[in-house]
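Colleague: Just passing along the structure, written as structure tokens.
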Amino acid sequence: MNEYLLLLISTVLVNNFVLVKFLGLCPFMGVSSKLESAIGMSMATTFVLTLASILSYLVNQYLLLPFDLSYLRTMSFILVIAVVVQFTEMVVQKTSAALHRALGIYLPLITTNCAVLGVALLNVNEKHDFIQSAIFGFGAALGFSLVLILFSAMRERLAAADVPLPFKGGAIAMITAGLMSLAFMGFTGLVK
């Protein structure tokens with residue numbers, strides 16, 4: 001139990017996929033201008049990352065490894081991710097049309113979010129079992145969501161602030177992301 005808790009904490013805080021591994025930067029910068037869309041994207045990405053992590057583990061263990069098809073790992077994981085994203089898009093469209101419109105193109109772009117594929121591939125490389133894969137995927141999703149929501153809240157405050165003209169827009173966003181990354185470096189010694 002303690003091992004699973006450490007894996008979750010390390011994935012969320014210490015080895016955050018956005019701020020430490022620099023994966024998932026496209027939605028991080030693209031959807032973070034409004035808090036409402038960032039929360040929706042966080043929920044969708046959490047669902048996709050967790051489910052894709054679990055399904056990728058199952059595909060790898062029960063299809064690719066027994067038939068010695070490990071060379072198809074990346075392609076099969078992309079296929080799994082695409083199916084999960086399409087399922088998520090259908091669910092979001094049926095349950096909340098406003099959220100579907102707010103997320104726009106970023107919802108189908110979860111398919112190309114390198115963090116989702118990165119989690120699936122890292123599960124294999126780190127030889128996680130089923131429960132560890134689920135926790136790793138969920139932790140990565142929580143870390144992504146935490147950073148996206150915090151960053152979105154800061155960007156909304158910066159939009160109303162008196163920022164010097166050369167720093168408006170993307171420049172101040174990059175500076176803020178860098179400062180967030182430095183803040184998350186403080187968690188480095190938390191988990192070994």
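Backbone N, Cα and C define each Cβ position, glycine as well.
Pulled the feature table from Swiss-Prot, pasting it below:
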TRANSMEM  5-25  transmembrane segment
TRANSMEM  39-59  transmembrane segment
TRANSMEM  65-85  transmembrane segment
TRANSMEM  102-122  transmembrane segment
TRANSMEM  134-154  transmembrane segment
TRANSMEM  171-191  transmembrane segment
Colleague: State the non-local partners of the transmembrane segment (39-59) in its own chain: residues 6+ outside its ends, Cβ under 8 Å from one of its Cβ atoms.
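Modeller: Residues packing against the transmembrane segment (39-59) from afar: 24, 27, 31, 76-77, 80-81, 84-85, 88, 92, 96, 99, 102-103, 106-107, 110, 113, 115-116, 119-120, 123-124, 128, 130, 133-134, 136-138, 140-142, 144-145, 148-149, 152.
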Colleague: Give me the stretch from 5-25, 102-122, 134-154 with the greatest number of Cβ pairs under 8 Å to the transmembrane segment (171-191).
Modeller: 5-25
Colleague: Please give the sequence-distant neighbours of the transmembrane segment (134-154): residues at least 6 beyond its ends with Cβ less than 8 Å from one of its Cβ atoms.
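Modeller: Same-chain contacts beyond the flanks: 4, 7-13, 15-19, 24, 27-28, 31-35, 37-39, 41-43, 45-54, 57, 115, 119-120, 122-123, 126, 128, 176-177, 180, 184.
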